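If you check TrEMBL, you get these features:
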DOMAIN    35-551  domain 'Major facilitator superfamily (MFS) profile'
TRANSMEM  33-63  transmembrane segment
TRANSMEM  75-96  transmembrane segment
TRANSMEM  102-120  transmembrane segment
TRANSMEM  132-152  transmembrane segment
TRANSMEM  172-195  transmembrane segment
TRANSMEM  219-241  transmembrane segment
TRANSMEM  315-336  transmembrane segment
TRANSMEM  397-417  transmembrane segment
TRANSMEM  424-443  transmembrane segment
TRANSMEM  449-475  transmembrane segment
TRANSMEM  527-547  transmembrane segment
Amino acid sequence: MNSIHHIPDASAFTRTQQLHIIRRTIDGNSFNWLVWAVAASGFVTDSYNLFTFNVIINALYFVYWPGEDDTQKEFLINMTTLVGSIVGQIVFGIFADKFGRTRLYGVELVIVIFSTLGVASSSRGEGSMDILAWLLAWRFMMGIGIGAEYPLSAVITAEWSPTHARARMMGAVFLMQPLGQLLANLVGIGVVMGYNRNHQLDKCSDPSIADCAQQVDRIWRWVTGVGAIPALLAIVFRFLIKDPGLYELEVRNDGDSAFKNTDQVYGGGIPEPDSHAPLRHTRGSNYMMDMGEPPLPVQFSRSDLYDYFIVQGNIWYLVGTSTTWWLVDFAFYGLGMGNPRTLAKLWLKGSERDARVAALGGSVPTWNVLAPSHLYARNDGNNIYATLVEGAKRNMITVSIGSILGSTVFVMAGDYLPRRHAMTFSFVVLGALFLVTGGVIFATNDTGFHAVSIVLVGLIYFLFNLGANTLTFIIPAEIFPTRYRCVCHGISAACGKLGSVLVQWILRQATFEGVKADDVTEENLGYVFVVFGCVMLTGTLFSWAWIPEVQKKRDGRNGLRLPSKTLEELGKGMEAARAEKTAVEAGSSVVDSEGMEGVTRRGWRTWVRRV
């Protein structure tokens, strides 16, 4: 090893040697808290802004559409946001591969900030404007920013992660999704309770009362506007990160920048490989060609796209990541458990729901989630305070807690789980659990065991984030080459959002026994779980067939841990995977081409000293 902060001349090494040096440097470290903070800060911001709509939707209906008992406007706003996310995931995925990871890292947050402020300031004026049109426009823009965060955060985290910490770091970033959702609910409850102290919202059961409408109008704007604050903080972090060394070398062919950026993030200098003497030369730019180094593929050229995806067959990897994400989001967003009306179906027993509907004259306004009357004695629970607080509480208990626990367990256990098999197995378990939950909902709808269905739904969200939901985020950032890593992750994520768009449209049209699936006054949620159970089971086939192994076999040196393959190994694609499998089956050993012997780990203390 050389002295601290020594950065060797990159031109003294072949490109392959440069790649080995960068890998040695990164893998000589542990969990990088700086990289995690940069990615996590943006991810929690986007999660807050994505899920905060479920917190404020009833307030919007109370103020602007109080007499409506249809969810069409909610449907349109959700669709617009999701379509915007699809655009952001694909466009920013392409741009990040073409122009660099960090050049765009922060642009998506600026989009989110402006669109958040736009949503919070939307108005119908004095009847001269349509607030729905403003909300649709701003939420579409917000969706672009939210969607862009997926490929950028995932890939930057993957490329800067030490191989042995990659699963934990990416899992810890994805943990920010349920935390952002929890934060949105906590902010919502806090703002509502704060306004209730001075304005007695628990007496507001009539939207026509001017003061009630005015105060509720302020509530949803505050809850929305708060989402701009963490985004501002996240932008500051974005200045602390550079383009990963892998990108600089494998796409830009700039070894000096690759060494410099790697040293800036990890510190401690760049070690020269002990087993390879530096090859000094004076042959200029043709040196790599003279040494027999193959030229870099021409990124996004027709010939390279055809060769990598079609000739080598790697299109099937993309099909695998896209279909599995599609199926996960089809069920995850289709459940709509963040939606207050769906939660009302789950939480209320049939007799209590029927009594509440009868008390309201048989028609339930969209803003009313049928809060249990015994919890809110004033106005028999028919008030906006009960609606907003109860909806947020149900969301936290049913969705957030299980999701956070699932992601946390994954962060702790990710190194011990075979990720490919874990994804396949999670589709089986979730499919079976969906079917069981649907049956339990039917069986316990109006019994003393009704709470069992709530527990089962919480378990579903726990398993979602322990398995398929987290892994569909991680694996697309691992298995593709650096030159197409962002766009492939973006396409995979966009297919997921396409699944969520499709399922919400289907549920809007679907009827079970003559009753619409989104009708809060009827018990038809069990049918939805049964259908989604069948959908999840089909994911088993796609995961088993088209998701590659991303880890090596246990070698005894790491205990029960399953060592991850490097991004360079995985990026070689399907042909290399077949060759490795053939070699293993033939009984020959697969040589670790990265030369990682004797690597010294430098932990989080290095980052603390540099910051």
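Backbone N, Cα and C define each Cβ position, glycine as well.
Unlike curated records, TrEMBL annotations are generated automatically.
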Are there at least 3 C-beta pairs under 8 angstroms linking the transmembrane segment (132-152) and the transmembrane segment (75-96), leaving out pairs fewer than 6 apart in sequence? yes
So, do the transmembrane segment (397-417) and the transmembrane segment (132-152) meet, by the test of 3 or more Cβ pairs under 8 Å (sequence gap 6 or more)? no
Near the transmembrane segment (172-195), which same-chain residues lie under 8 Å Cβ to Cβ, leaving out any that are not at least 6 residues past its ends? 36, 39-40, 43-48, 50-52, 54-56, 153-154, 157, 201, 215, 218-219, 222-223, 226-227, 338, 385, 388-389, 392-393, 395-396, 399-400, 403-404, 406-408, 411, 465, 469-470, 473-474
At a threshold of under 8 Å on Cβ distances, which of 33-63, 132-152, 219-241, 424-443 pairs most often with the transmembrane segment (315-336)? 424-443
So, taking each listed stretch (33-63, 102-120, 424-443, 449-475, 527-547) in turn and counting its Cβ pairs to the transmembrane segment (219-241) that are under 8 angstroms, which one gives the highest count? 33-63
With a cut-off of 8 Å between Cβ atoms, can you find at least three pairs linking the transmembrane segment (132-152) to the transmembrane segment (424-443)? Only pairs 6 or more residues apart in sequence count. no
Is the number of Cβ-Cβ pairs under 8 Å between the transmembrane segment (424-443) and the transmembrane segment (33-63) three or more, considering only pairs separated by 6 or more positions? no
May I ask for the residues of the chain that lie six or more residues beyond the transmembrane segment (449-475) and have a Cβ under 8 Å from a Cβ within it? 150, 154, 158, 167, 170-171, 174, 178, 321, 324-325, 328, 332, 335, 337, 346-347, 349, 397-399, 401-407, 409-410, 419-420, 422-423, 425-427, 429-430, 433-434, 436-437, 440-441, 443, 492-493, 496, 539, 543, 547, 550
